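Database features (TrEMBL):
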| type | residues | note |
| --- | --- | --- |
| TRANSMEM | 6-29 | transmembrane segment |
| TRANSMEM | 499-519 | transmembrane segment |
| TRANSMEM | 567-585 | transmembrane segment |
| TRANSMEM | 680-698 | transmembrane segment |
| TRANSMEM | 710-730 | transmembrane segment |
| TRANSMEM | 750-768 | transmembrane segment |
| TRANSMEM | 814-839 | transmembrane segment |
| TRANSMEM | 846-866 | transmembrane segment |
| TRANSMEM | 878-896 | transmembrane segment |
| TRANSMEM | 908-930 | transmembrane segment |
| TRANSMEM | 936-957 | transmembrane segment |
| TRANSMEM | 1023-1044 | transmembrane segment |
Amino acid sequence: MQLVKYFLFLFWLGCMLICGMFLFTRGFLLNREVLHFQSSCKSLSSLGFCDIMFNSRSDINGEQILECTEENVVSKQLNNKLDSSQYCFKNNMKVVLILIDALRYDFAHYNENLTESETPPFKNKLKVINELLTNNPGHARLFKFIADPPTTTMQRLNGLTTGSLPTFIDVGSNFDTSEINEDNLIDQIIKSKKNITFMGDESLTFMYPGRFKRDFPYPSFNVWDLDSVDINVKAKLVPEMKNEDWDLIIAHFLGVDHCGHRYGPYHSEMTRKLLEMDEVISDVVSEMDNNTILFVIGDHGMTGAGDHGGDSEEEVTSAMFVYSHRPLIMNVKPVEEVKQVDLVPTLASILGVAIPFSNVGSVVINALPSFSAEPNLASNWEYVITALWTNIKQITLYIQEYAKTKEQFSTERLVGINNDFQKLRMQVESIGSEEELLLFIEDSTNFMHGVREMCAEVWAQFDSYAMSRGLVLYFLLLALAFIVIEGIPIGYLDAVIDSIFLHLAYGSVLTSLLVLGALKYIEFLPDIEQLFYFCACTISIIFLAVIVILNWSTISAHWYELSKSSNSISVICRLITLFSVVGLFSNSFIINESYTCSFLITSLVFVSVLDVKGEIPKKVNKAFELTSSVKSFLYSLRGKLLLLLFVLFILIRFSLVYINCRVEQNCVIEKPVLSDSSRCLLTVVLIAVFITAARLYLRSSGNLVGFSPTVFVSRYAPTAIVIATSGFWILQSLPRKTQYKLFEPWQLQILPRTAMCLLLVGFLTLFIRPLSVYHVSRRSDSMIPYDNIIPALFNQLKEVMLKRTGSDVKGYPVVFGLATAYSATFVNMSVFLTLLVVLLLGSEQALAAVLLTLSLWVLAAVSSISRRNKGELDEVPWWNVVAWGLSCLHFFYATGHQASFSTIDWKTAFLLSSGSSLTSYVIPATLVVANVFSSHLLHAMLLPLLLVVPHTLASLSPRLTPTRDARRAELELFERDRQLYCAAFKLALQYLLFFGQRVFGCMLSASIHARHLMVWSIFAPKLIFEGIAFIVTLPSMMIGLFLLQRITSRLDCLLRDIQR
């Protein structure tokens, strides 16, 4: 196990870089501080209105409405900043809250000008909303319901119940719905001795366990299931309304959201789901009494592709529809849009409960029901003033308490808020007319909106101390690792990595973890996370610096030699690398990186081909000059390289078809040329051609001889996987009604589970018995297999020739596939990895995986010929590593992904489960990560191809490698295993540093653009995606190196057996 020391160093350095990145993100991606205060409520009926606010003798429209003297007022309570008491308008109103997940505003808004042919599938389907607005305008309101990004369901549910603003990092908890311990509307309703009935998405029961009088939770994570949750909720909703023991019913429908994820809003299924919701709303309206008010809301919208999670207008604009048999308060300035956090104080005012302490929303007066015979403002002045003043006092108190806990608000702003609060207090004391009441409503709303905007701005505060430490430590780790790998010659690396000094570094880091863990355990240190990151990185930097100092003479001498042999390709490689990192500081570059990567990689490879020295063609007769020149060029080294380059360019160009656009690019979705069924059939055929070509290569190389487990799996497993995958695609594409008639949902998952099991068997077989060779030890054992006739006949003729020369052939060993032992294993690995990615991506993006694998092999071939030409077989030059890394970035986009949460394909999570019995999110989350970062996974695991393919070409095309050593083909790798491991280690470290510098670029970019308008929509997601890509790359690369070691180990065992 000579690779162990290299594994340890790679793992240690990778983990330290990850620690530096985590230290930075702990300062950049902050959570909002949660205050554990609880609001309380005092009833108007017990105190009287004069106990809430004082005024002189006042009247509205000539009618006396309020008469209080200052002696009646507990004015100290109003001015006491520590008093969290509120004043609630008690009533017997009930609320039915229908939450239609992903209900975009234009889904609810009716457009009468559209003809039937012009109407998209999602438009004009909620007809009951339009009828109520038209026939009962005084009883119904429709608002644009603006969500605060990120537009993920868990964050929206949090905001809809607490009235608080989510922070960006909260998006990571969308699949870890832990209990909410912040003051919220649910707990306030229960505290007021009221009852809640819930039905729908089980996420809410995880957030508020044990809070509901009756709850009917259903699994929500299966986006392929459009109907199960909705059918159950619909069946429970109206019967629950007929009960008398509820004050709030929450019904959460998921079908519209799941339809968007699976089909998009322009599919006919969206029409069906919206018509179902129309029927649900109509049934609820028919069942309502005069003391019930209906709210129909969406938690977020969706893009044109049906996704959400970002901050585009389509994603943040949902709908809020309000209806009551009682008239709603009128004579208030019309409002077209409200914030989602405004729902909390509005519902609290209607139900007569306290507004949650951390709410930053403002009550929507237009959505309040009238409690008087007349719905005008004058008749409901007491209710309106109570709701507004309670809201103002609650928000002011919250800001003051939060400012004591976290010094994030400037003194000037706090003074301004206090002054505005005092002005509103004086204003409410002197209201004497309806005009003054309207002015108070406007000023109050502006005040609360201003406070919310201030919070949204200030809660993007950063811990500059943690960020700066993370940046400095990460940069030092990168720089020192680069000096070690680039400055120390490859012949000395083995001794440096094997030194006892590095083992002390590993032990020191582990010791620091144990000591800090013990201090945490005895509660001496409350939080050790950031301290461990800092200590581990600092210790590692010290040890790396000492290594550099001890070897400085060797490093300086080596760099001096390199400076004398610099070439154009090195300069261009550095410029392209610098451009790709500097581009991360531009939001336009990040948005369009999906297209710039293809340009960068093709440019770099093209320059490398031009840098190759070609042969000078011999003189020929003039009559055959043209034909001979073309022929000689095609057979020349440069001609073959240009041919491979042309193939690579075609593969990259075709892969651009599979790039999905970001929301910011405003791409027009073109209608596909082929139908879904035709495209699926073409995909299956081309994948079958791919695995057939791989099998033909293995057969021609003698690597499919015999009946070993490896040969058996390599021969039959890919075909079975393709059959299972294609069958799954075909059945999945059937109309839903047809699916229900043919099979149950869980039965459909049998095919992908079968494919996944076969893939796991294939991977395990390759690691346990990686060799695809067949050894015939004696003449009597010789055989001519029918499916490997050419290599078998060659070996037979070889024995005949040996007989004629008089050589002793008794017991002469015959080994099929020995010359391509390494490449055959990686061919099998690339086939299984490709089929895994095909299964994860689905039928629409599956061909991108095939293009990815083919381009990798072509790129490895170009690199190999170029290095053979320059005699650079001992180590891989930087341009090869950069090209491999740029290829990884390009195919990240070419497999349909973007550095944006709204483009994540969540369908992969349910590939192996019907979603009805998910007990853990580990497997679904793993599948999603493997899907999104499939390019990084495949590139990292196949990285050893850059070392193997140069020797593979020696067996396939000896004319390209005329040296005597080259004719031993891949056996040369085995004979020089120490050099192989050292070269593999250096290659892996170079590849790790390539992605490490990109993470550093994103970290520095995020720091500089911390106050940029696009920081949370572009720069922060880019940092997160690059960070996860780095974390995925590290273990994937080590798995590829481990496979390389397994091949060498098994070859050693095989040759020992032959010698016996």
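Backbone N, Cα and C define each Cβ position, glycine as well.
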Determine whether the transmembrane segment (499-519) and the transmembrane segment (6-29) share at least three Cβ pairs under 8 Å, counting only pairs 6 or more apart in sequence.
-> yes
Which one of these stretches, 680-698, 750-768, 814-839, has the most C-beta pairs shorter than 8 Å to the transmembrane segment (710-730)?
-> 750-768
May I ask which of the stretches 567-585, 814-839, 878-896, 1023-1044 has the most CB pairs under 8 A with the transmembrane segment (680-698)?
-> 814-839
Taking 3+ C-beta pairs under 8 angstroms (sequence gap of 6 or more) as contact, is the transmembrane segment (567-585) in contact with the transmembrane segment (878-896)?
-> yes
Of the stretches 6-29, 750-768, 814-839, 846-866, 1023-1044, which racks up the most C-beta pairs under 8 Å with the transmembrane segment (878-896)?
-> 846-866
Long-range neighbours of the transmembrane segment (814-839), counting only residues six or more past its ends (CB under 8 A) = 687, 690-691, 694, 697-698, 701-706, 710, 714, 717-718, 721-722, 725, 752, 755-756, 759, 762-763, 766, 770-776, 782, 788, 791-792, 795, 799, 846, 849-850, 852-853, 856-857, 895, 911, 930, 934, 937-938, 941-942, 944-945, 948-949, 951-952, 955, 969-971, 973-974, 1043-1044, 1047, 1051, 1054, 1058
For the transmembrane segment (6-29), sequence-distant contacts whose Cβ falls under 8 Å of one of its Cβ atoms, 6 or more beyond its ends | 167-169, 462-471, 473-474, 477-478, 481, 497, 502, 505-506, 509, 529-530, 532-534, 536-537, 540, 981-982, 984-985, 988-989, 992, 996, 999, 1003, 1006-1007, 1010, 1020, 1023-1024, 1027, 1030-1031, 1034, 1037-1038, 1041-1042
